[in-house]
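Record features, source TrEMBL:
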ACT_SITE  Lys136  active site, charge relay system
ACT_SITE  Ser211  active site, charge relay system
ACT_SITE  Ser235  active site, acyl-ester intermediate
DOMAIN    97-569  domain 'Amidase'
Amino acid sequence: TSAALVLLGGSVAALGVWKWLGKKMVQRKMEEARRTRDEGMKKMAKAVQQFREQVPSVQRDAILSLPLLELAGKLQEGSLSPRTVLYTYLEKVSALEVTQQTNCLRHFILECEEQLQEIEGHKEKGLLYGIPVSIKDHIGHKGQLATCGLVQFLGTLMEEDSVLVKVLKRQGAIPFAMTNVPQSLFSYNCSNPIFGQTLNPLNLQKSPGGSSGGEGALIAGGGSILGMGSDMGGSIRLPCSFCGLCGLKPTASRLRWVLALPFQPCPCQLGSRGNALGIPCALGPMARDVDSLALCMKALLCQEMFQLDPTVPPIPFNEQVFSSSTPLRVGYYDTDGYFPLPPCMRRAVKETRSALQAAGHQLVLFSPPRVPYVMTELFMKTCFADGGRSWLDVFTGDIVDPGLKSQVNSCKIPRLVKKLLALLLKPLQFLLLLKLKDVAMISTCRSVKEMWNHHHQIQEYRSQFIAQWKELQLDVVLCPVLGPAFTSGYPGKLLTAISSTMLYNVLDFPAGVVPVSTVTEADEEELKLYKGCCDDPWDRTLKQAVSGALGMPVAVQCVALPWQEELCLRFMKEVETLSRDK
């Protein structure tokens with residue numbers, strides 16, 4: 001018996017040592033990643049200093065203030081050189097004006113100087129000739145990491161560029177920075193244990209949104225003029241809403257990245273490994289204005305894209321649709337019936353509706369069908385079809401970010417316990433307080449037959465939605481987007497608040513965000529009276545999340561039918577113009 005006890009004690013001690021060694025190794029990897037980032041920043045700062053000594057007369061502020069279309073024009077005509085523009089933006093970032101405050105940068109792309117030399121030798125100038133472009137952490141770039149904020153991916157560099165990066169380069173763009181993301185990408189906060197928390201440059205108490213939060217912070221802080229993000233539940237649109245930017249989530253297959261990953265990708269890198277048929281992940285541009293988005297789409301929808309990735313439909317950008325001035329028939333709503341948004345976001349829809357009507361467009365009330373069903377049965381069930389097991393796998397041997405701990409713990413609860421909790425707590429209004437709201441919603445597909453039936457339900461819902469749209473003869477839809485920017489830490493407490501954006505991922509409709517206003521003192525006063533749906537802890541948490549946002553951007557969402565990105569952009573441009581004319 002004593003021998004057995006000694007053996008047991010030794011085993012426990014060995015297990016403890018093994019875990020301690022594992023944690024030490026994780027810490028070393030994270031420290032090395034941060035050190036590599038810091039060394040890259042020092043190298044860039046040195047290169048920028050050398051450029052400044054060689055060319056001391058650069059009008060830095062004038063270049064940084066140019067809209068993308070004007071900047072592109074000056075680069076095309078030769079009045080500005082790609083070298084001057086690149087080093088101007090590198091200086092803005094490497095001087096720590098943006099990165100020190102917000103922690104938005106993951107790594108500089110040191111190879112950007114090679115790309116600069118490459119385009120300087122070209123006779124033909126692409127549409128993005130000389131434009132510095134930032135890209136989200138997990139978009140494959142040769143020689144760079146694609147971490148998703150996870151330690152397990154720190155040791156593996158991309159062996160080649162993804163299709164998206166190849167096309168950007170062929171159009172003359174210079175990818176120069178990779179930006180921070182939330183751990184696993186499954187969050188609209190922007191924090192991971194490796195590179196830390198990213199903050200909103202407009203208010204450092206606020207989150208920049210996510211998962212393309214590093215992009216949002218870098219562009220809003222003036223450190224980038226054009227960025228590429230991805231969106232599977234609002235990951236382009238939420239950072240744009242929080243940071244006062246324009247962003248487009250296209251129909252998922254209109255742009256494809258074809259990740260060049262030298263390892264088995266995780267669900268967060270492909271959108272969802274087992275369920276990509278249900279809710280695909282879309283790539284899209286983020287910028288300061290709608291014209292920038294249109295130029296980017298025009299550049300990407302080219303022969304190179306169609307040749308490199310034959311699965312992308314060969315549909316070039318339709319300039320005629322984007323430039324049209326024909327009055328539109330616009331459906332609108334200011335609530336989706338699932339998650340009541342703060343007063344300022346509904347005000348934005350009402351004011352935009354009135355401005356559109358005054359400009360000669362026809363406005364029609366539209367009610368999106370069964371959004372609670374979409375959120376609980378379609379979206380969450382797709383993301384967690386296996387009970388979250390694939391998602392949990394990516395955290396093996398990793399440190400879980402504090403903002404994700406409640407979701408990770410939710411997925412660890414046995415399926416039977418989840419079902420019992422869902423039944424017991426359904427009548428109660430204290431789900432958020434107990435952090436069990438999302439647990440109750442996570443259901444699984446128990447068989448292949450059930451999975452196929454689930455995909456069929458998504459297709460049925462899409463058909464119903466399109467039929468309702470067609471019945472009203474709509475061109476586009478105007479609707480709210482989640483905002484204003486949440487105080488840091490709150491996105492993790494309100495996972496299901498993303499219904500306004502998530503709906504159009506399930507539908508796979510192109511959807512964009514345009515800032516139209518800012519939070520006023522009257523909005524803050526009205527927020528004090530906000531009770532949401534039931535004035536329960538969930539609603540009160542939202543109230544806390546968005547309070548103290550005076551002066552922060554307020555945006556609306558613009559939506560079109562699948563494959564009509566040009567019409568969506570045209571509508572966004574109209575909204576942008578009217579909001580600026582107020």
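Each residue, glycine too, has its Cβ placed from N, Cα and C.
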Quick note, Ser211 (active site, charge relay system): same-chain residues at least 6 apart with CB under 8 Å of its CB -> Lys136, Val181, Pro182, Leu185, Phe186, Ser187, Tyr188, Cys190, Gly229, Ser230, Ser235
Across Lys136, Ser235, listed as active-site residues, the smallest other-CB tally within 10 A is for Lys136
Local confidence of the prediction over the domain 'Amidase' (97-569), expressed as mean pLDDT
89
